[in-house]
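Participant: The following feature annotations were taken from Swiss-Prot:
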DOMAIN    2-158  domain 'Globin'
SITE      30  site 'Involved in heme-bound ligand stabilization and O-O bond activation'
SITE      106  site 'Influences the redox potential of the prosthetic heme and FAD groups'
BINDING   107  heme b binding site
ACT_SITE  117  active site, charge relay system
ACT_SITE  157  active site, charge relay system
REGION    169-457  region 'Reductase'
DOMAIN    172-279  domain 'FAD-binding FR-type'
BINDING   211, 228, 229, 230, 231, 450, 451, 452, 453  FAD binding site
BINDING   320, 321, 322, 323, 324, 325  NADP(+) binding site
SITE      449  site 'Influences the redox potential of the prosthetic heme and FAD groups'
C-alpha cells in the first residue's frame, strides 16, 4: 500500500534529526538488537560492527531513504498501477535503487528471512523513540515507512532467491561444497577450487563479477557463525567455483581458511550473488547464466548488452585483491570472444610490489593464447630496481594514473564510450573515480564493486 501524505511528511520532518544523531544512533541500534537477539550475531559481520563500517552504512541508507521517501512512494504508486515511469524519475532515484539492489544481494547471500525484518524494525523504532522522539504520531509514521521499505526488500530478495534456485544447478540458502584444490599463489593469497559435495551434480552459473558467501562455524574462530563474501575468480561453468582468499591482519575468516581448511574439507556456500557483473545477453534476451536479464537499476553494466555491442571497449581496473572479480570477467571474455574479439579490452592493475601480483602469469597467458588484443598496464607502488624489469614486471612506478595508460585517454576522447569496471581499496577507488570524472565519463559507464558495507566514493 502507498504511504499517506501525513506519514511522508512526518518522516521527512525527522530525517535530519536522525542524521544529526550520527553514528551514536546506529551504534545504539546495533547494540540493542544484538544484545536482545543474539542469534543475529550468526548473521551480521561483527568485524564491521567493531570498525563502524556497518553502522555508518546503515545510517547513510536510512537517512537517504527518509529524504527520498516521497519520490520512492510516487514511483511505487506508478508501478503498482501499471503506469509508465518517466525516465527522469528513474534517473533521480538511480543512486538509491543501486544501493538497494546491492543490499538485497548481500542480504540474499547471508540468507535474510522476512521474520528478521520484523526484529530489525522493532529495534529501529525503539532506538528512534529513545534517541530522537517519543512522539506517538511520528513513531507510527516511521513504523509504516519501515514496513513499506521492508516489503520492497522482502519482495526483491524473494525474486533473487527464486531466480537462483530455479536455474540449472541452483539452490536456496546453503549447500555443501568440497575443497578440491588449495594452492598458495602469493604470500597472502590462497586459491580454492570448490566442487559440490554430491559428486556429479551441477553448480549454478554465476555472472562474471559476482561473489560467493562462505559460512563457517568453528569455536576456534568464534562462538558465532561467521559469513564472508569472496569474489569468484573462475569463468562461469556448471562444474566448480574458484575463489582467491586474501589474508590481512584483521581477516579472521580468511585466516581460518588459510590455516585450517584443507583439500577434502567441506564448506557451506550460498549461491552466487552480487549486482556487480558484466551483462552479456545472448540472442533471445537471455543472460550468460541462462536467466532473463534484470532491469538496469543497479551498477552492473545493464544499460549495455556487451554480447550485442561487440565494439564497446571494456576497461578492467584493479587495485590489490580487487582483481578477483575482474579476473572472472576477463576469463569469461576470453572464452566468449577469444581471438575473434574486436573490442578493445584493457587490464589495468595496481599493486604494492611485484611479489603481490597474484595473477600475473595467468593474465599474461590469456593475452598470448586467448585475447591477443588485450592491453595490459601495471603500476607498482614500490619497485625493486635489482629485480623488477620495466615492461615486464611493471609499466609505471607510483600510484595509478589513467592518463598514463597507452591509448586509453585517446579512446575516451574519440567517443568510443568505454565502460569502466574497477575494484580495489577505498583510496584507490576514489582516485580512479576522480580520474574518470575528470574525463567527464558519465555514471552509466562507471561500474564498481565495494568490498564490505557500501558507501559512496565521494
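Heads up, the Cβ atoms here are built off N, Cα and C, so glycines get one too.
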Participant: Tell me which of the recorded positions 107, 157, 320 ends up closest to residue 231 (FAD binding site) in space, Cα to Cα.
Facilitator: 320
Participant: Is it possible to get the count of other C-beta atoms within 10 angstroms of the C-beta of residue 117 (active site, charge relay system)?
Facilitator: 19
Participant: Given the recorded positions 106, 107, 157, 321, 325, find the one whose Cα is closest in space to the Cα of residue 229 (FAD binding site).
Facilitator: 106
Participant: Identify all same-chain residues not among 320, 321, 322, 323, 324, 325 whose C-beta atom falls within 8 angstroms of the centroid of the NADP(+) site's C-beta atoms; report them in sequence order.
Facilitator: 231, 244, 246, 318, 319, 326, 327, 423, 424
Participant: Could you give me the DSSP helix, strand and coil counts for the domain 'FAD-binding FR-type' (172-279)?
Facilitator: 9 helix, 42 strand, 57 coil
Participant: Work out how many Å separate residue 323 (NADP(+) binding site) and residue 449 (site 'Influences the redox potential of the prosthetic heme and FAD groups') at their Cα atoms, rounded off.
Facilitator: 11
Participant: In whole Å, how far is residue 106 (site 'Influences the redox potential of the prosthetic heme and FAD groups') from residue 211 (FAD binding site) when you measure between their Cα atoms?
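Facilitator: With the alpha carbons as reference points, the distance is 10 Å.
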Participant: Going along the chain, which residues six or more apart from residue 30 (site 'Involved in heme-bound ligand stabilization and O-O bond activation') have their CB under 8 A from its CB?
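Facilitator: Listed in sequence order, they are 44, 49, 54, 55, 58.
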Participant: If you measure residue 117 (active site, charge relay system) to residue 449 (site 'Influences the redox potential of the prosthetic heme and FAD groups') at Cα, how many Å is it?
Facilitator: 25
Participant: Write down the Cα-Cα distance for residue 449 (site 'Influences the redox potential of the prosthetic heme and FAD groups') and residue 320 (NADP(+) binding site), rounded and given in Å.
Facilitator: 13
Participant: Restricting to the same chain and to sequence separations of six or more, state which residues have a Cβ under 8 Å from that of residue 325 (NADP(+) binding site).
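Facilitator: Once residues fewer than 6 apart are set aside, residue 325 (NADP(+) binding site) is near 208, 209, 210, 211, 231, 232, 233, 274, 276, 423, 449.
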Participant: Which ones, of the recorded positions 106, 107, 451, have a Cα no more than 10 Å from the Cα of residue 322 (NADP(+) binding site)?
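Facilitator: Correct set: 451.
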